Amino acid sequence: MTIDTRNVPDTPTREPAPGGARPAPRALTRAQLRSALPGALRKLDPRVLYTSPVMFVVEVGAVVTTVLAIVEPGVFAWWIAVWLWATVLFATLAESVAESRGKAQASTLRATQKQTTARKVDAPQDTLTSGTRLDRLPTVEVPSSTLQVGDVVVVAAGETVPGDGDVIEGVASIDESAVTGESAPVIRESGGDRSAVTGGTVVLSDQVVVRITAPAGATFVDRMIALVEGSERQKTPNEIALNILLTSLTVVFLLAVATLQPFAIYSGARQDLLVLVALLVCLIPTTIGALLSAIGIAGMDRLVQRNVLAMSGRAVEAAGDVDVLLLDKTGTITYGNRRATEVLPVTEVTPRELAESARLASLADETPEGRSIVELVDGTYGTAEELPLDAALVPFTAQTRMSGVDLPLTRSSEAGGAGNTEMHRIRKGAGSAIRRWAQSTGTYLSEAETAELDAHIDAVSRMGGTPLVVGEQLGEHPARILGVVRLKDVVKEGMRERFDALRAMSIRSVMVTGDNAVTAQAIAAEAGVDDVLAEATPEDKLALIKREQEGGKLVAMAGDGTNDAPALAQSDVGVAMNTGTSAAKEAGNMVDLDSDPTKLIEIVEIGKQLLITRGALTTFSVANDVAKYFAILPAMFMTVFPQLEVLNIMRLASPGSAILSAVIFNALIILALIPLSLRGVRYRPASASSLLQRNLLVYGLGGLVAPFIGIKLIDLVVSLIPGL
Amino acid sequence: MTAVSTPVLAAVAQALVLVALLAAVHAPLGAYMARVYSSPRHLRAERLWYRVVRVDPDAEQRWTTYLMSLLGFSLVSVLVLYGMLRLQQHLPWNLGFTGFDPAGAWNTAVSFTTNTNWQWYSGEAAAGHLVQMAGLAVQNFVSASVGMAAAIALVRGFARSGTDARIGNFWSDLTRGVTRILLPLSLVAAVLLMAGGVIQNLDPHTALTTVEGATQQSLGGPVASQEAIKELGTNGGGFFNANSGHPLENPTPFTNLVEIFLLLLVPFTLPRTFGILVGDKRQGWAVLGVTAGLFTASLALTTWAEMAGPGAAPQAAGAAMEGKETRFGLAGSALFAVATTATSTGAVNASHDSLTAPGGGLVLFNMLLGEVAPGGVGAGLYGMLVLAVVAVFIAGLMVGRTPEYLGKKIGRREMTLVALYVLTTPALVLVGTAAAVVARPGLAGLQESGPHGLSEVLYAYASAANNNGSAFGGLTSGTPFYEVTQGIAMLAGRFVPIALVLALAGCLARQAVVPATSGTLPTHRPLFAGLLATVAIIVVGLTFIPVLSLGPVVESLS
């Protein structure tokens with residue numbers, strides 16, 4: 001999350017916590033390690049550590065070797081003991097560093113939770129319905145912490161919203177920077193999909209009446225704090241399964257090492273317990289065991305840095321598995337506003353005539369579509385005519401489905417009195433609406449005219465545009481239809497590349513739109529979407545998700561409205577927009593604070609990266625064992641079986657230095673891989689085959705080779721230790 | 001042709017003949033077996049049998065019922081065989097042999113029920129015709145069929161979708177394995193072997209003419225029929241103590257090749273059946289590729305070791321022929337040794353104790369791999385599929401999805417079962433061996449001291465826990481200590497994995513199938529096959545490296 005402290009200079013408490021990981025670091029800093037150290041030491045408590053069986057075994061080993069070193073002090077014993085403790089410490093350090101970023105963010109968020117006073121409407125809850133001027137009712141001042149679900153509060157400019165809720169009356173601009181880090185104020189209004197307000201945000205202008213939807217202590221910010229801090233962190237299903245595998249590997253090696261002593265005794269080469277513990281620690285998968293929880297925390301954290309809050313780690317994992325992505329067309333694939341790109345006049349009408357009429361009808365139209373018509377005509381014909389002052393605007397209504405303007409016709413002043421001024425009426429709107437209007441004025445469209453108009457409308461739809469039909473009426477004459485303005489949905493730049501990337505990840509994208517099938521198909525083709533759900537109702541969306549899931553697929557979607565809530569809840573990864581309603585936010589398992597639906601793509605990438613990092617480090621960890629055997633086994637048995645010297649292919653200096661070098665390598669590799677586990681391995685969208693090939697090469701083969709080099713280098717240094 | 005290259009050419013030639021034979025029957029037999037296990041029709045004889053044992057062969061069983069049926073059947077098998085062995089002197093056709101002692105009878109009963117067929121006794125000096133035919137040979141059939149049933153149940157788990165953990169009917173699977181696969185095939189095989197000179201009679205004695213022209217008496221018996229199912233069902237318990245080294249069990253290089261073919265036949269064909277049943281033959285090819293690759297590597301190395309004959313004794317003698325039959329030669333012995341250890345058969349045509357140090361280590365490693373390349377009938381397939389799940393889990397994450405194999409997600413439950421499976425056999429082998437080399441009664445059985453002695457004991461427990469049944473030789477295992485502990489290893493090594501496999505099958509059958517996309521880890525490509533082989537060697541092999549380094553590795557390096 002990018003909670004930018006510069007935007008809120010008046011709250012010194014929002015300084016990042018000491019050592020907090022801001023700005024997101026690429027590598028470990030010394031300060032970071034230092035500040036994570038106390039937490040790391042606390043995590044050494046066996047009651048905490050036992051949840052990671054691998055590291056618990058290492059800790060037991062460290063205790064045993066320490067006792068042995070005390071009973072029979074020696075240089076070798078102490079070195080081994082110290083490095084085993086270092087191994088455990090590096091593991092807890094990794095987790096502690098991963099958590100430290102979240103802690104810093106949590107402390108910033110806590111600052112928004114200061115106790116405020118709420119102006120509660122003093123009336124029984126069930127009498128409070130919106131639309132009855134609730135702000136005129138008497139209010140009482142209560143502490144925000146006592147607010148209950150269903151309470152209604154009035155929040156005026158300059159006041160802090162006392163709790164999560166929905167605006168049920170009024171409209172206000174709100175500063176949400178404390179939560180989202182976005183400094184530009186946002187508009188929140190009753191009704192519709194922009195009604196949710198978050199506790200701790202500040203009303204900048206106007207006044208709203210808010211119905212509280214979350215009890216104090218369970219608000220959005222409370223949940224955010226818990227999430228980023230990791231206090232409610234639970235192991236995810238895949239993490240649990242991986243832990244089972246790691247535990248079984250640990251048990252296998254425990255058996256292998258425990259039974260080695262009888263074999264050694266039989267062979268006349270009884271081993272020191274110290275050496276056996278060292279061998280065990282080197283063999284069990286400590287690298288992944290140490291970094292597993294850090295990988296999970298860092299994965300959540302990477303989402304938070306992109307301003308996405310995952311309500312569960314399970315959702316992040318599921319994101320990696322997503323097969324189908326549902327994206328709304330408007331605002332996601334296309335810019336929310338359509339642009340006029342062309343005029344298509346009917347016969348007998350010149351393009352200029354149509355263009356200027358359309359322009360007049362749009363001059364006072366403040367919608368983006370209206371402005372785009374003016375821009376188009378001005379750009380093409382260089383007109384600059386202003387609307388006369390006595391022009392009357394006809395606003396768009398849902399009933400007429402058209403808008404326009406009434407201009408008084410210029411005529412000799414002696415001709416008429418007030419009241420029966422001839423009007424020049426221009427209307428623009430959907431084809432059916434304008435046609436109905438024209439017919440009401442007594443216009444009869446010939447078959448040819450109808451066919452021509454239909455051809456234009458069809459052509460525009462087919463190309464993914466929206467046809468806007470323009471008509472005019474002079475005085476009380478029958479109206480005539482001038483032609484069609486092509487309003488084009490403008491696909492956002494870079495969408496095609498993003499969908500190509502999704503396809504490379506084998507994710508099918510489905511565009512959801514209320515447009516008709518023809519228009520929808522055209523836009524889908526332009527944007528490069530795989531599939532389209534046209535004329536979609538919320539029920540259609542839900543049905544589509546269920547259908548895909550029945551086929552075993554995992555579905556991700558973004559949504560904001562209350563009517564999206566069922567679909568959000570049904571989907572495997574449901575990303576609610578922060579601007580949306582509380583119902584949507586409740587239903588989804590992630591919230592995007594930037595309210596950017598295309599972020600789904602990044603979420604999927606982060607999910608995949610998380611899983612890949614786990615797999616890569618597991619592979620690396622297991623592959624490491626081969627080299628460790630080559631280091632330790634000859635060292636253990638060379639005295640009895642000198643021929644085993646052949647296996648000492650690294651030419652390590654002495655048995656002592658060989659074993660110690662393997663132990664040190666084992667510890668240092670954890671430290672070296674902490675940045676990778678926090679950052680995640682590089683992920684580029686590609687087919688499973690090429691991903692597997694690349695990662696096997698890097699982490700499998702790399703894991704096989706790296707320790708040979710590492711142990712040899714460490715041995716060169718270690719062999720200089722006197723008395724080893 | 002130079003004298004040096006002749007044996008090498010012969011080795012390659014016999015391997016190629018074998019490959020050609022196996023390739024020729026692969027597709028038709030694989031498809032036939034798939035039909036056997038999915039056909040709704042029953043033979044008349046089968047119906048009669050179902051009526052006698054009062055089971056409904058069409059009732060689909062949940063994994064728990066399937067397992068209970070399997071365990072119940074095996075328990076009865078152990079008890080019946082135990083009884084027959086103990087009471088042999090009261091049974092007809094006993095050829096004058098007395099009953100087994102309790103520990104010995106327990107060991108043998110368990111051994112044949114678990115498809116291990118470890119023999120602490122000499123067949124011709126302890127078991128009469130009735131025990132051989134009605135006791136041991138019956139188990140040769142049914143224990144093999146039990147293994148195949150478990151494998152098919154697991155395959156059904158992968159193939160089915162969203163059932164309530166129903167994975168087939170044990171009684172039907174068991175019966176059909178015998179009546180439609182093992183019986184007809186062993187009938188043909190027995191005729192072939194008889195044609196090759198293997199005896200088949202019910203005489204107590206057979207007269208032989210030795211090389212010198214003297215007449216010698218040997219025990220006669222239904223050898224060819226026993227021999228056929230011994231190899232075909234990857235059983236391995238010989239009619240004679242010398243097993244397939246005995247001239248009446250395996251008289252010529254021709255019968256030698258036939259026997260090797262028989263023991264590789266079903267294990268190398270089941271991957272095809274698997275591919276057909278899961279609806280994607282490429283998956284079968286991948287499994288076959290891995291097993292064939294591991295097998296070929298092991299064969300090449302062992303043959304090289306035997307032919308190169310490293311070590312002081314072979315060098316002095318000129319070739320590593322100690323303990324081998326001259327009629328099979330080095331290559332014929334090496335091929336048999338690899339085939340029998342890689343398939344959990346345990347029949348031998350040479351003394352494995354006398355293999356060269358690296359050769360002995362390799363056949364030992366074949367077993368330690370968990371009998372997966374290709375492994376025993378059925379057991380090899382389910383072992384390899386379990387390893388595939390492990391490979392998918394480790395590597396599958398690296399493609400950025402939670403792991404799935406054949407459209408089934410590998411979650412917590414699946415991983416728990418697989419992890420326990422992978423743990424079971426190494427635990428039995430390591431704990432058993434460790435106990436034997438420190439306990440006085442264990443050490444008493446050792447013929448050799450030092451690394452070779454360790455190899456003998458390790459081999460014995462590897463053989464028992466992996467249900468192979470071959471012996472390294474040298475170890476006197478006919479003592480209560482070995483009879484009892486090996487019995488435990490055989491029993492646990494057989495039925496614990498089967499229980500886990502059936503539980504896994506139930507788990508998988510409940511899941512809906514996740515459709516494959518290009519984002520799914522492809523498990524039919526060479527890359528995955530290579531990975532699976534590596535996982536088999538590294539994950540399983542790593543466990544045994546310490547003990548191997550004190551046994552065969554030290555031996556090889558001296």
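Here the Cβ of each residue, glycine as well, is placed from N, Cα and C on the backbone.
Curation does not apply to TrEMBL; its annotations are automatic.
What TrEMBL annotates here:
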| type | residues | note |
| --- | --- | --- |
| TRANSMEM | B:12-34 | transmembrane segment |
| TRANSMEM | B:63-85 | transmembrane segment |
| TRANSMEM | B:141-159 | transmembrane segment |
| TRANSMEM | B:180-199 | transmembrane segment |
| TRANSMEM | B:260-278 | transmembrane segment |
| TRANSMEM | B:285-305 | transmembrane segment |
| TRANSMEM | B:372-397 | transmembrane segment |
| TRANSMEM | B:418-439 | transmembrane segment |
| TRANSMEM | B:488-508 | transmembrane segment |
| TRANSMEM | B:528-548 | transmembrane segment |
Tell me if the transmembrane segment (B:141-159) touches the transmembrane segment (B:63-85). I count contact as 3 or more CB pairs below 8 A, with pairs 6 or more residues apart. yes
Other same-chain positions with a Cβ less than 8 Å from the transmembrane segment (B:488-508) and lying at least 6 residues past its termini are 62-64, 66-67, 70-71, 74, 110-111, 113-116, 118, 146-147, 150-151, 153-154, 156-158, 160, 165, 167, 379, 382-383, 386, 389, 408, 413-414, 417-418, 420-421, 424-425, 428-429, 432, 461, 464-467
Please work out which recorded stretch in B:12-34, B:141-159, B:260-278, B:372-397, B:528-548 has the most C-beta pairs separated by under 8 angstroms from the transmembrane segment (B:285-305)? B:372-397
Per the 3+ Cβ pairs under 8 Å rule, pairs at least 6 apart in sequence, do the transmembrane segment (B:141-159) and the transmembrane segment (B:528-548) touch? no
Beyond a gap of at least 6 residues from its ends, the CB atoms lying under 8 Å from the transmembrane segment (B:12-34) belong to 181, 253, 257, 260-261, 264-265, 268-273, 275-277, 284, 299, 331-332, 335
